[in-house]
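For reference, the structure discussed in these notes is given below.
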Number of protein chains: 2
Amino acid sequence: MLKRMDPDNTEALRAFLEGRMADSDPAILAQTAAILDAVRREGDKALFAYTKQFDQVELNSLQASEEEIDAACARADASLIADLQEAAANITAYHEQQKYQGYHLEKEDGVYLGQRVLPLARVGVYVPGGRAAYPSTVLMNVLPAKIAGVKEIIMVTPPDREGTIPPVIAAAAKVAGVTAIYKVGGAQAIAALAYGTATIPQVDKIVGPGNAYVACAKRLVFGRVDIDMVAGPSEILVIADANADPKAAAADLISQAEHDPLACSILLTTEEAFAEQVQEELKIQSARLPRRAIIEQSLANYGTLMVCRDLDQCIAIANQVAPEHLELMIADADERLPQVRNAGSVFLGYTTCESIGDYFGGTNHVLPTNGTARFASPLSCDDFIKRSSYLHYSAAALRRDGEKIMNIARHEGLDGHANAVKVRLDHE
Amino acid sequence: MLKRMDPDNTEALRAFLEGRMADSDPAILAQTAAILDAVRREGDKALFAYTKQFDQVELNSLQASEEEIDAACARADASLIADLQEAAANITAYHEQQKYQGYHLEKEDGVYLGQRVLPLARVGVYVPGGRAAYPSTVLMNVLPAKIAGVKEIIMVTPPDREGTIPPVIAAAAKVAGVTAIYKVGGAQAIAALAYGTATIPQVDKIVGPGNAYVACAKRLVFGRVDIDMVAGPSEILVIADANADPKAAAADLISQAEHDPLACSILLTTEEAFAEQVQEELKIQSARLPRRAIIEQSLANYGTLMVCRDLDQCIAIANQVAPEHLELMIADADERLPQVRNAGSVFLGYTTCESIGDYFGGTNHVLPTNGTARFASPLSCDDFIKRSSYLHYSAAALRRDGEKIMNIARHEGLDGHANAVKVRLDHE
């Protein structure tokens, strides 16, 4: 079921992966722009109207009340809540290491300078509704913001047909500790967070996944507010040696494929026999799974197999692909890790399946997709802070350095910059 | 010359500043897209052709040779080189504090996880030509990349009419330590860095300022490569108390205004008399400066004055504006700094003019503009690294947590994710 590709032709692989990048749909763009405009002009009124139109429900209030949230939580599975709490503890322990400090430098003649690290004041988290209402998404987006020190974390999510929030989402929001929940979804929710309405406050940054309209709206409001990323199609790349279990490799390729027909599952191995065993296992396991149709479509479109010379070649190819998820199902995974230069998250050894990281292990599951791990990073506390620099020059230091500063300024033809130094030196 | 605005109506101020954001010009967009496409298809051939068309010069070679760079440096002013070297030392000392470390956590039952910090492999720095060929831009963009550990730093800059590099740019490139210089500018240079050509290698990130075509090209290639930001119109906000020197305040407002007719200079003060003195000084000083026309246009368009109740109000307004540059020309600047939540860079006290930071003090002059300091940061080493997480789960840990992971996965309807755990537990 995986398509064989030549490991010595990585250009073909890259072109194949890039082929997944769709051009933005002009119809979606036009409709999204109209929604943004309406929310900007009409505020809450537009939100109620779009919610009626798209979610088929007439709300009395956009904000979910405490009672409503508690009632939804009460309907959530108790074992799920307990497991989410344990997952949250693991995610918290991992992300707490990401608290950044500013610094302060003192120099001669009374010069000092430094950098402060400040949390964003208010962040919006988009949580999709319907079948894509994932409690793990809530934890992965909210907890890093909270740990970074963001005071207000606003969740938006489309209401169900009864005008309420799905129990799993309410439970995850409670575990993660959001400040407020608004029952609005789609591009209209992104507009509300970007511009603010009478009910929903404007935020500094919007994070979280969504459908094509949500993604398009995030792109359009970027600059006015910050956004996390516009996630592309996702991928897993599994490197397996002779001792790997073909059942496990197949299961992990499938766990990626079941997300989306555009998801890409790549197997790199040094063992021809192993490759064949995985192909067999893919058939057996996907036949048993509820999302069989998506899995088969995804594997048929984007499942890829390369039988490589050696592990060095496997890792070189992984670095070129820069996968979102990289599994090293090899004996010496730890020793090989430093060779990995481009990967969102790396899963080490035979027993570490990607789904541990998706839910429970502690690392973030919001990862750079489609080759952007070359330059982008997993979601982290760093996404919820900003830096601000400061500088103090004493009169003595300005006397010492003034001529040099004016010299550079004049070479750039910016005499006004030199003049700002000069009026101070003349003043003395 | 500064327009008075009501300090109690900050909405009006925000609307006024946002009015500077121009819609992207469809003609520029179309032309830029055509250039990107040509470079992608034709590579170096297109670069030579566009250089002939736009820079009116026929090059033999895109890359500047060692001899050519040395010859250009030899023509640079010796005092300028010395001052740039001292500036580079200050910039280096400040940015070396920004080296981030990864971390590693060991947990029970053989679980370990962590985050690695890796420098980007290859970065492109765009340096404008002509009158905007600023050596300080070279230092501010190249040095943080170098300190972050980027191995290859590729500079692109348009050639002059003789087909060579301006001496000040060559000198700054030598001081900063770029890997290679290519003589190509405009959207075609951005295209070359984003796609790669036979001569110019593809990079992971593009930084540096440029004209409307360069900015548009950066927007269009974003996602394929990373970019720093698309800089908007810039601003200074000066808060001055009764002891500030009106000459100095006027000079600093002018130093911002001389950049660009869209630049915005805002004065907030508690002293009516001081405000009037600054207005007088603005007239006197701008009349003496070579860029008088730009300064007067900028001040007339976007020069703003608010006489405020007290310093608390001044700082509250500054936090709403989130200025690129904030000067605290007040007695207790240090004590007030913690009140400042939104500012790219803060200049503390009467003697610290913004131009010290532009050139020499050590902080970075690439700053978030037009209110984006609410969520964005000065350029730093952090812009030239990426993070990558890793996770290891032992068989024992998977036995311990497997049921919990499968429980969450199944609640999300992703049985393939649960299956990846199950095949491993069954295997034991």
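Residue numbers in this text run from 1 along the chain shown.
Each residue, glycine too, has its Cβ placed from N, Cα and C.
Some features that TrEMBL has for this protein:
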ACT_SITE  A:E324  active site, proton acceptor
ACT_SITE  A:H325  active site, proton acceptor
BINDING   A:Y126, A:Q188, A:N211  NAD(+) binding site
BINDING   A:S234, A:Q256, A:H259, A:H325, A:D358, A:E412, A:H417  substrate binding site
BINDING   A:Q256, A:H259, A:D358, A:H417  Zn(2+) binding site
Task = Calculate the distance in Å between the alpha carbons (Cα) of A:D358 (substrate binding site) and A:H325 (active site, proton acceptor), and round it to a whole number.
result = 10
Ask   = Listing the recorded positions A:H325, A:D358, A:E412, A:H417, which lie under 8 Å (Cβ to Cβ) from chain B?
value = A:D358, A:E412, A:H417
Inquiry  = If you count other C-beta atoms within 10 angstroms, which of the recorded positions A:H325, A:H417 is the most crowded?
reply    = A:H417
Task = State which of the following recorded positions has the fewest other Cβ atoms within 10 Å around its Cβ: A:E324, A:D358, A:E412.
result = A:E412
Ask   = Going by C-alpha positions, which of the binding-site residues (A:Y126, A:Q188, A:S234, A:H259, A:E412) is nearest A:E324 (active site, proton acceptor)?
value = A:S234
Ask   = Looking at the binding-site residues A:Q188, A:N211, A:Q256, A:H259, A:E412, whose Cα is closest in space to that of A:H325 (active site, proton acceptor)?
value = A:Q256
Task = Grab the substrate binding residues from the record (A:S234, A:Q256, A:H259, A:H325, A:D358, A:E412, A:H417) and give me their largest CA-CA distance in Å.
result = 56
Ask   = Looking at the binding-site residues A:Y126, A:Q188, A:N211, whose Cα is closest in space to that of A:H259 (substrate binding site)?
value = A:N211
Request  = Please state how far apart, in Å and to a whole number, the two most distant Cα atoms are among A:Y126, A:Q188, A:N211, the recorded NAD(+)-binding residues.
outcome  = 12
Query = Taking the centroid of the Cβ atoms of A:Y126, A:Q188, A:N211 as the NAD(+) site, which other residues of that chain lie with their Cβ within 8 Å of it, listed in sequence order?
reply = A:P128, A:V156, A:P158, A:G185, A:G186, A:A187, A:A189, A:I190, A:G210, A:Y213, A:V214, A:A217
